[in-house]
Amino acid sequence: MGQGESVIHHDLDVRLHPGDHRLDVTDRIRFTAGESLVFYLNAALTLEAPPDNVELVSQETNGAVPAKAYRISAAPDQTTLTLRYSGLIDHGLSEEATEYAGSFPQSAGVIADEGVFLAGSSLWYPHVEGRYVSFTLNTVVPARWQTVSQGARQLADDGRVSWRERHAQEEIYLIAAPFHVYSRPAGRVQAMAFLRAEDTALADRYLEVTAQYLAMYNRLLGPYPYTKFALVENFWETGYGMPSFTLLGPTVIRLPFILHSSYPHEIVHNWWGNSVYVDYRQGNWAEGLTSYLADHLIQQQRGTALIFRRNLLQHYADFVSEGRDFPLAEFTARHSSSSEAVGYGKTQMLFHMLRQRLGDEAFVRGLRRFYRQYQFKQAGFAELAEVFQGLDEADLSGFFEQWVQRTGAPELQVKTVETAEQDDGWRLTVVLQQQQPGAAYRMSVPLAVTLKGVEQAVQTRVEMKQKQQAFSLRLDAKPMRLDVDPQFDLFRRLSRAEIPPALSQAFGAERVLLVLPAAAAAETRAAYETLAASWRQGQSAEVDVRYDDTLISLPDDRTVWLLGGANRFAPVLVAALAEQGVEQRDGQVVLNQRHFDPARDAVVLAARRAGDNAHALVWLAADRAAALPGLARKLPHYRKYSYLVFSGDEPTNELKGQWPVIASPMTVRLAEQPIPMAQLESRQALAQLPTASR
Ligand SMILES: [Zn+2]
């Protein structure tokens, strides 16, 4: 968006006719005197008696909707122009993509009996490329309908609703439906909920957590930039965060965990992305920062941030092969598991590493300064770097460049560890290596040493600048064990042995073999053939399908899915999981000392090929044909797990977990007997949620 260029103001009077898919609009546009502007309008909308100085210049079909471009040749002192237009907008919903678990159907704009969804890309108001807008929006809708847009809601005496936002916006949304409206003050902000059916209990839950999270983030980041925050129920499944509201699907808003996962994430977007705008030419930093301050922060409040970061890194290791990797500078939005692992995962780790370098106080000070300085303006990684470097807290030279511009990740290894007793204690010397191709990363590597008879670990960070570097520590007692980056504080490509085998490794594979059970009942075989066909279609991976009686052995060079409880190759997987206590007995699967019958329950087990850490081996011990379509649909959502059990036809998840990591190469045993790591310093979340007001 044009920095420094003036904001274009719209005074919009909009009449919606959902039954006819139509809208009628009068727009008084205010601009800088004498500007010659080109604006775009949805080609389905017709200007009524356009002023003489407005001319059609082109028709375009390459955007989200067919568009007409008009030029305003304003007189030198002219600052306003009134346009009247009307027409039909009904672009419908795109097909739901099945390959990628994070995707929703989309619409370029719809006016219908079920509801109205209009965004900037619908071109429902005269859109000038690259310019911010402010607006007032007066709406006339059928009886019992309500509208939602950015900013503050005002109710006129005649019951008409208008929306007003004076701060620079990237676009104007208009949402409408027969909503039930709930509202409650939360400090100086109004917490609101727009539900499609009356549900006071649900609305209350949202209004309550809205107030709690707004209070928490106001304190952490600086004042929330809008006058309201609204939960808006959409008429199809979405998870959108707009400035001052979130548009969530009817199923999503009723999932109890959303209140403390997606919902606060959308609230935090009002700081990052919806008021400090993203300069996409530099890459999208806002998703990662929002995720770090919502998803990661909430995990840290619960004491599970370490596992959360390990999962992010595992996701990267499993989904981002060299060919799929790209630098943060090129991330705009997620469209696949690999782009999510980079754009959300790597960016979160960038902010985590920045926080470790600066300390919590300076990190928060930097965030607040960045917010204050770039509110309602555009910013990129360069502006972030400038603000954090300006804190003068730590030497950050090269930090942003390394993590933003460079593709890939460091691969850290422990080469050698030596210990020696000295007059005044012990000395530990560790040689660390970076195995990735190309130059060394500059990293502050956390080390934890467990000493004999000492409860608390000795923790330190060493500054690594070369691909191989030795570090020496003086210790008061005999070192028993060394752990390198024990809390997964660094963005790096994890070694396979650091992470438990999980479904993500199989879903992220580039070559896959599905092995069908020839001995299964006809109905089960047919269900597996359908599943195989749909996976083959929906994946970018190369997928082969074979029956188990046509194979002598399993190929070594790819990920293998064994399908069916009676799969001939099941013993290969059971052997690979012997250390985890998995057994196969009388047609049943023994897992966590419980017995499961594949005829009744669906058991899913992830392992690695024996002696070969590169490829995953997964067994779907599930013979209940009716459960297979649901299982195929649900599994991508459980990809971080090593084992799963589902029951029923739905099917419903009964058991899930990750195998413990038995032999991490980042843990070096220095004593004869394996001992657990000593206690690490406890860490605080960046903020705490205030208690509910009632
Ligand atoms: Zn987001």
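Keep in mind that glycine also has a Cβ here, set from the backbone N, Cα and C atoms.
All annotation found in TrEMBL is predicted automatically rather than curated by experts.
As given in TrEMBL:
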- HIS265, HIS269, GLU287: Zn(2+) binding site (BINDING)
- 265-403: domain 'Peptidase M1 membrane alanine aminopeptidase' (DOMAIN)
- GLU266: active site, proton acceptor (ACT_SITE)
- TYR344: active site, proton donor (ACT_SITE)
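Taking Cβ-Cβ distances under 8 Å and a sequence separation of 6 or more, the neighbours of HIS265 (Zn(2+) binding site) in its chain are GLY241, THR290, SER291, ALA294, ASP295. Secondary structure of the domain 'Peptidase M1 membrane alanine aminopeptidase' (265-403) per DSSP (helix as H, G, I; strand as E, B; remaining residues coil): 95 helix, 7 strand, 37 coil. In the vicinity of ligand 1, defined as a Cβ distance under 6 Å, the following of the recorded positions GLU266, GLU287, TYR344 are placed: GLU287. The CA atom of GLU287 (Zn(2+) binding site) is located 6 Å away from the CA atom of the residue listed as 'active site, proton donor'. Neighbours of the Zn(2+) site: apart from HIS265, HIS269, GLU287, residues of the same chain with C-beta atoms within 8 angstroms of the site's C-beta centroid are GLY241, GLU266, VAL268, TRP272, GLY273, ALA286, THR290, SER291, ALA294.
It is 13 Å from the Cα atom of HIS269 (Zn(2+) binding site) to that of TYR344 (active site, proton donor).
Listed in sequence order, the residues of the same chain lying 6 or more apart from the residue listed as 'active site, proton acceptor' and placing their CB within less than 8 Å of its CB are GLY239, TYR240, GLY241, THR246, LEU248. Long-range neighbours of the residue listed as 'active site, proton donor' (same chain, six or more residues apart, CB within less than 8 Å of its CB): GLU287, GLY288, SER291, LEU312, ARG334.
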